[in-house]
Amino acid sequence: MISLKSIVDKLYNLEDLSYQESYQLFDYFIKGQIELPSQTSILTALKLKKETSIEIAAAVEALFDNTKEFPKIKGDLAGIVGTGGDGFNTINISTTAAIVAATAGYKVAKHGGRSVSSKSGSFDLLESFGVNIELAPDQTKQCLELYNLGFLFVPFYSDGFRHIKEARTILKTRTIFNILGPLINPARPNKVVIGVYSKDLILPMAKTLVNLGIDRAVVVYGSGLDEVAIHDDTYVAEIQNNQIIEYKVSPVDFGIDTYAIKDLEGGLPEQNREIIKQILLGKGKEAHNAAVAVNVAMLMKLYDKDDLKQNTQEVLEIIKSGKCFNTLQQVINYSNK
């Protein structure tokens with residue numbers, strides 16, 4: 001076993017960790033074997049050094065090895081998730097996109113927790129709607145099979161995350177755990193859209209996904225946002241057949257107008273709840289609908305639907321039908337049986 005001191009010394013010298021060292025470090029983290037002052041300094045050192053794809057992949061495996069198993073789902077399973085930490089406090093676009101994608105017929109497993117760095121995390125929003133976020137894995141699997149949508153609450157699958165919650169709160173900034181969050185979905189989706197909070201993270205995240213054997217994925221950075229942008233360019237790394245292709249898209253590629261970031265500002269869970277409810281009922285503002293639609297359109301690309309404009313129009317029609325709220329209501333009812 002590699003000692004914590006030797007690992008920490010390397011980090012303080014801003015040296016990259018080996019796969020084994022990173023695995024051991026995050027095994028210590030998740031088992032609560034690192035004191036709070038050391039946690040904050042280690043996370044800060046990793047951030048200053050910049051995390052490598054090897055360190056991230058090793059951390060993912062360590063966390064998976066300490067996570068409750070989720071029953072295997074037949075066929076394709078999608079994930080739409082952001083790292084968080086972009087600092088803009090927009091409405092919960094990835095959560096809404098997951099509900100819309102499920103309504104469009106794609107099975108989506110949404111893994112997340114309550115807010116760490118924003119005013120309203122994805123599961124804060126779900127709770128405000130009345131979703132029981134602590135379903136057992138077999139119940140969540142059945143929900144996925146019935147309604148194409150399942151919510152996996154982080155603390156339910158890995159209670160070790162409680163050991164690092166205080167350090168993340170103290171730091172009040174994004175850390176490697178923002179990067180790890182989208183990668184440790186216990187349902188193990190094979191088609192994922194991951195938004196990152198920094199352009200510098202696109203390639204490390206994409207390389208990590210290749211190392212983890214993900215079938216199809218896109219990593220996106222939306223000019224300040226950890227999702228596909230409607231205000232400016234979105235930088236993309238697409239993964240197919242273990243190859244990474246980098247490109248850039250803009251609102252015009254989706255056939256939509258350009259909007260301002262302020263058009264997407266969110267608030268407290270109750271405020272977000274009302275905004276999201278209106279979107280799902282087909283009564284949302286144009287900017288809100290567009291933001292959700294482009295993110296679902298990008299997911300559809302992973303199912304060999306390459307025409308982003310057509311994808312976006314299809315999604316906008318589904319949103320405007322109001323059927324998406326029915327999907328959420330079915331999940332709410334199922335989760336409270």
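Backbone N, Cα and C define each Cβ position, glycine as well.
Features of the protein shown, as given by Swiss-Prot:
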- G82, 85-86, T90, 92-95, 110-118, S122: 5-phospho-alpha-D-ribose 1-diphosphate binding site (BINDING)
- G82: anthranilate 1 binding site (BINDING)
- S94, E227: Mg(2+) 1 binding site (BINDING)
- R168: anthranilate 2 binding site (BINDING)
- D226, E227: Mg(2+) 2 binding site (BINDING)
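When the binding-site residues G82, R114, R168 are screened for a Cα within 10 A of the Cα of D226 (Mg(2+) 2 binding site), the ones that qualify are G82. Summarising the environment of E227 (Mg(2+) 1 binding site), the number of other Cβ atoms within 10 Å of its Cβ, over all protein chains shown, is 28.
In sequence order, I93, S94, P182, I194, G195, V196, Y197, D226, E227 are the residues of the chain that are 6 or more apart from G82 (5-phospho-alpha-D-ribose 1-diphosphate binding site) and have a CB within less than 8 Å of its CB.
R114 (5-phospho-alpha-D-ribose 1-diphosphate binding site) sits 13 Å from R168 (anthranilate 2 binding site), taking the Cα positions as reference. In the three-state DSSP classification, G82 (5-phospho-alpha-D-ribose 1-diphosphate binding site) falls within a strand. Cα-Cα distance from H111 (5-phospho-alpha-D-ribose 1-diphosphate binding site) to R168 (anthranilate 2 binding site): 18 Å (rounded to the nearest whole number). On the backbone, the CA of T90 (5-phospho-alpha-D-ribose 1-diphosphate binding site) and the CA of R168 (anthranilate 2 binding site) stand 20 Å apart.
A simple Cβ count within 10 Å picks out one of the binding-site residues H111, R114, R168 as the most packed, and that one is H111.
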